[in-house]
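Read through the structure below, which is laid out as C-alpha cells, and then see the notes.
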Amino acid sequence: MGRRRLLVWLCAVAALLSGAQARGTPLLARPAPPGASRYSLYTTGWRPRLRPGPHKALCAYVVHRNVTCILQEGAESYVKAEYRQCRWGPKCPGTVTYRTVLRPKYKVGYKTVTDLAWRCCPGFTGKRCPEHLTDHGAASPQLEPEPQIPSGQLDPGPRPPSYSRAAPSPHGRKGPGLFGERLERLEGDVQRLAQTYGTLSGLVASHEDPNRMTGGPRAPAVPVGFGVIPEGLVGPGDRARGPLTPPLDEILSKVTEVSNTLQTKVQLLDKVHGLALGHEAHLQRLREAPPSPLTSLALLEEYVDRRLHRLWGSLLDGFEQKLQGVQSECDLRVQEVRRQCEEGQAASRRLHQSLDGRELALRQELSQLGSQLQGLSVSGRGSCCGQLALINARMDGLERALQAVTETQRGPGAPAGDELTRLSAAMLEGGVDGLLEGLETLNGTEGGARGCCLRLDMGGWGVGGFGTMLEERVQSLEERLATLAGELSHDSASPGRSARPLVQTELAVLEQRLVSLETSCTPSTTSAILDSLVAEVKAWQSRSEALLRQVASHAALLQQLNGTVAEVQGQLAEGTGSSLQGEITLLKVNLNSVSKSLTGLSDSVSQYSDAFLAANTSLDERERKVEAEVQAIQEQVSSQGSRLQAGHRQVLNLRGELEQLKAGVAKVASGLSRCQDTAQKLQHTVGHFDQRVAQVEGACRRLGLLAAGLDSLPTEPLRPREGLWSHVDQLNRTLAQHTQDIARLRDDLLDCQAQLAEQVRPGQAN
C-alpha cells in the first residue's frame, strides 16, 4: 500500500509540474485574471499569512534524477569442484568431485525520480537570491540567510540542493524496474499531462504583461500564478508594446479548471514533501554510492559459457594427463628393457675381455714354463760351476798356506831345513796336486762348463779366460815363492842353499804338470764327453717337446672355450630378452673355477721348477721327479678336460635358458600389444566423451536460447525458471555421468597397469 501511495503522489507531482522539460522549467508569479481565485506557491490555503513579495525571487524547478537500489532476484546454482588427494601414492592422480551449490542472486534496480528544486528565477539576482542558487552569470552578491518559507500545511523545510539531470547509465534501463508496467503507465500519463499543460501555459503566457514577466524589483506585489518564463531578460521594446488583448472565454475557463485541479493536488504535495524529507539521508547515501553494472542475460550467458569452457578444459586436461602418464610409463618400461639388454651385452663384452686376458695370461705362463723346462734341461751340467768354485776355494787355501809360511818365516824362530822341505812338499802335494786334479776334471767337462759359465752374472769368460786367470795366479804364487826363497836365503845361507834345489825341482815338476795340463785341454780329448752331453740334451728336448704338445692341446681346448663363449655372446646380441645376470654369474663362476685350476697348474709348474732346481745332486732322482711331475700334469690335463666338458654342458643349459628368455620377451611383447589395444579403447572412450561434451554444449545453447526469453520474467516468472532448473538438473546429471565415466576409465587404467606389472614380474624373476 505504501508503494501505491508513493506512486499516486509522484503522479500528482508530475501532473503539477508537467510543464518542466529535461533542463527544468521555472514557475513564476503572474497576475490572476479578474474573478479568479488567487494562489501562491509559497503559501498554503487560499489566504496567505505572509506577504509573498520577499519570496518571489525563488522558483520551483522540476528535476529528474536516478535512484538505485539492490534487490534480491531469486537464487542461482553454481558448480563447485572439490579436489581429493589419492591415498595410493604420489603417482596416483587425485579425484575431483563436482557439487551444485545454491547462492542468492542480487540485481541493481534503477528508477528515474521527479523532484522539486528551489532555484533563482530567471533574471533575479541580489541579496534575496543567494549565490549558490543563481542560474545565470550575474554579479555575486553577499550571501545572506535564506528566506523563511511561511509555515502552514506545506512546510518546505530545508531546501534541498539543486540537482542537474542525471547522466544516463552506461548499461541503460534493462527491462521493468521496481514498479513494472504500472510505473510506465503513470509516466505516460504524466507526459501527456505535461504536454497539455505546456500548451495551455503557452497560450496564457502570450497574453501576459512583459513588465510583470521580467519580475523586476520595482514590480508591485501581486498574487503568484503560473506561467512560462522565456530565457533571459525581456527587452525594453517588448515592454513598450503594452498588454495584449485577452483571449477568448474558453481559454480562461480552461485555465480556471487547471487552477482548481492544482488546488486539489496541494494536499498530496504536502505528504510527498514530508516523505521526501524523511528519506533524504537514505537517498543521499544512494546518490553517493557508485552505480554498479547491471546483471543482464548476456553476462549470464557469458558466465555460463566461461564455466562450461573451463569445465571442458579441465576434463580434457585430465584425460590428456592420464594418457601422457600411460605413455610415459610405457616408455619407461621400454627404456628399462633396453637398458637391461644393454647391460647384458656389456656384461658379455666384459666376460669376453676377461677371457681374452686369461688366455693371454695362460699363454705367458705356458711360455714361462717352457723356458723353465729348457733351463732345467741344461741344469744337469751345473756341476761345472760347483767345480769352478771348488778350484777357487783350493787356490784360496794355497794362498793362505803361503801366507802362513811367510809369517812363520818372518817369526823369530825360523824352522829348520827339513821343516821347510816338509812344508813345501805338503804344500805342493796338498795344494798344487789338488789344483792340477781340479784342472783335469775341468778339462773333462769343458763343453758343459762353457755353456754354464756363459750364463753367469759376473761376465762371460771361457776356458781360455780361466786358463789365463790360473796362469796369473800361478805366476803370483811363483813370485811369492821367489820372495820367500830370497828371504830364506837372506836369513840363513846354509839352509837356503840346501833347500833351493828342492824348490827348483818342485817348480820344475809343477811346470811339467802344467804343460801336460795344457796339452790335455784339446778338443779331441773332450769329444766323448760332448757326445754324452748332446745325447742327454736331446733326451731332455724330446721330453720338453712332449710337454709342449700337451700345452698345445691345452691351447686348443682354450680356443674351443673361446669359440663357445663367442657363440654365447652372439646369442646374447641377437636376443631381445631381459636380464641375463644369473646366467652370466654362473658362467663367471665356471670361469673362476677354470682360472683357479690354471692358477693351481701354474703353482704346480713353479713347484716343479723349484724341484728341478733343488734336485741337482742326482740325475736319476731328477728324471724320476720329472716323470712324476709330467704324470701329475697329465692327470690335471685330463681333469681339466672333464671340467671343460661340464662347462660345455652348462653352455647348452644356457642356450635353453636363452630360449626361455626369448619366449618371455614374446609374452612381454604380447602384453604391450594388449596395452596398445587398451590405449585405443581409451581413445574411443575419449571420443565418446567429446560427443557427450558436444551434447552438453548443445544443451548450453538451448539454455542460452531459453535465457533470451527471460525479459518476460515479471509476467511469466514460473515457466522460464522451471525450464532453467530443468536444464541445471540435466547439467548435473551430465556431470554425474561424466564422473562415472572418469571413474570407469580410471579403473580400466589401473587394470591395465596391474596386467603390465604381472607380465613384467615373471621376466624380472627369470
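Yeah, the Cβs are placed from backbone N, Cα and C, and that goes for glycine too.
It should be emphasised that the depicted structure is a prediction, and the values quoted were computed from it without experimental measurement.
Among the candidates Cys11, Cys120, Cys121, the disulfide partner that Swiss-Prot records for Cys59 is Cys121. The distance from the Cα of Cys86 (disulfide bond) to the Cα of Asn732 (N-linked glycosylation site) comes to 24 Å. All protein chains considered, the CB of Asn66 (N-linked glycosylation site) has 17 other CB atoms within 10 Å.
Secondary structure at Asn562 (N-linked glycosylation site), taken from DSSP and collapsed to helix, strand or coil, is helix. Its Cβ taken as reference, Cys92 (disulfide bond) is surrounded by 13 other Cβ atoms within 10 Å in the chains shown. It is Cys86, among the disulfide-bonded residues Cys59, Cys86, Cys121, whose Cβ has the fewest other Cβ atoms within 10 Å in the structure shown. The Cβ neighbour count for Cys120 (disulfide bond), using a 10 Å radius and every protein chain shown, is 24. As a summary of secondary structure, the domain 'EMI' (55-131) carries 2 helix, 53 strand, 22 coil according to DSSP. Closest to Asn562 (N-linked glycosylation site) in space, going by CA atoms and restricting to the recorded positions Cys59, Asn66, Cys92, Cys120, is Cys92.
For the coiled coil (615-663), the predicted model reports an average pLDDT of 75.
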